[in-house]
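See below for the structure under consideration.
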């Protein structure tokens, strides 16, 4: 073949249209295609000379935040729950430290520190997991255990969790394999009884078994983008061994199981006297939970064994809810003040109003999750009229607005 007729085997450009044409044994490549290849390798985080460890895994770069730094970051987003924050921070730090030092794992087998969060609705379980993933800059996905089914049943099978995780990082398998999965409502798939003679919730136990494989580490085959619409596409294999799983649930009724184990006396003069403060009582009981209590509640022993770190969250009291309304970076009061500020209007919540909002959330048993709906309801009419209220300078929300449904006080320019 003459020099003039030679073309790049990749883009088809002739020698006269490129600066350089590199000749191989049976092919040619131009300088432009070489540059494109280098760019692709850099985008994948690989410069062509990967530093592989003894375990065949690439070393990760960047500073891993210490447990104290992780807790400090969580404090910006989540109020209270100090013990849960510490437990999470240490577990997450050890998990990612383990991934960054694969050579150490060649001599000692380090187990994964998956986490079980136990706490009432609205106590901050989901927010803790989300904030952790954001701080560590890793892919994060949340799944609802109640929507999961065994393979062969209508609904989501557990491997769809991994499909969602892949989607969060543009189907980058390496990133997904170091992500965090939060499974909410794990208590809702417990079997109905620990007695084998009583009919069990087979579907719930089946989901637990399926989750067990995923959590302990397996190679999940998931469909690529498009899934069933492109049946001829090859499946993507994702190793879940290094994915950190955090499971959470309210575990309503678990306190009765713990109480049965801990109480010595049953009736008469030897019977235990319970605290009038039921919430404080439950928080104390959750603090002494043992794996055997969770088995009796309905989780299978194998699953509990794969969730070695158990962190309990406290019921939020009135003061904690007020702090949630006002203190975090994304506090509700700050959010609404920013929205009103866009209309050049100042928004003020009086102390009595904040206490009433917190009290209503406690009465509804919704914790921090119920705060937004209460605030939204009391400000709805004002926000509807806000763009049309000429000369409005300030809106004041008092106690009567929350408790009696009155309109907030409107202060106009004089």
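Even glycines carry a Cβ here, placed using N, Cα and C.
If you look up Swiss-Prot, you'll see 1-49 marked as domain 'ClpX-type ZB', on the strength of sequence analysis.
Summarising the annotation, Swiss-Prot assigns Zn(2+) binding site to 8, 11, 30, 33. In the three-state DSSP reading, residue 30 (Zn(2+) binding site) counts as strand. Its Cβ placed at the centre, residue 30 (Zn(2+) binding site) has 24 other Cβ atoms within 10 Å.
Here Swiss-Prot flags 44-65 as region 'Disordered'.
Positions annotated as ATP binding site by Swiss-Prot, on the basis of sequence analysis: 120, 121, 122, 123, 124, 125, 126, 127. For the recorded site, residue 127 (ATP binding site), the DSSP three-state label reads helix. On its own chain, residue 127 (ATP binding site) has 77, 78, 368 as residues at least 6 apart in sequence with a Cβ closer than 8 Å to its own Cβ.
The distance from the Cα of residue 8 (Zn(2+) binding site) to the Cα of residue 126 (ATP binding site) comes to 53 Å. It is 49 Å from the Cα atom of residue 125 (ATP binding site) to that of residue 33 (Zn(2+) binding site). Each of the binding-site residues 120, 122, 124 was ranked by the number of other C-beta atoms within 10 Å, and first place falls to 124. Of all the binding-site residues listed here (11, 33), it is 11 whose C-beta has the fewest other C-beta atoms within 10 angstroms.
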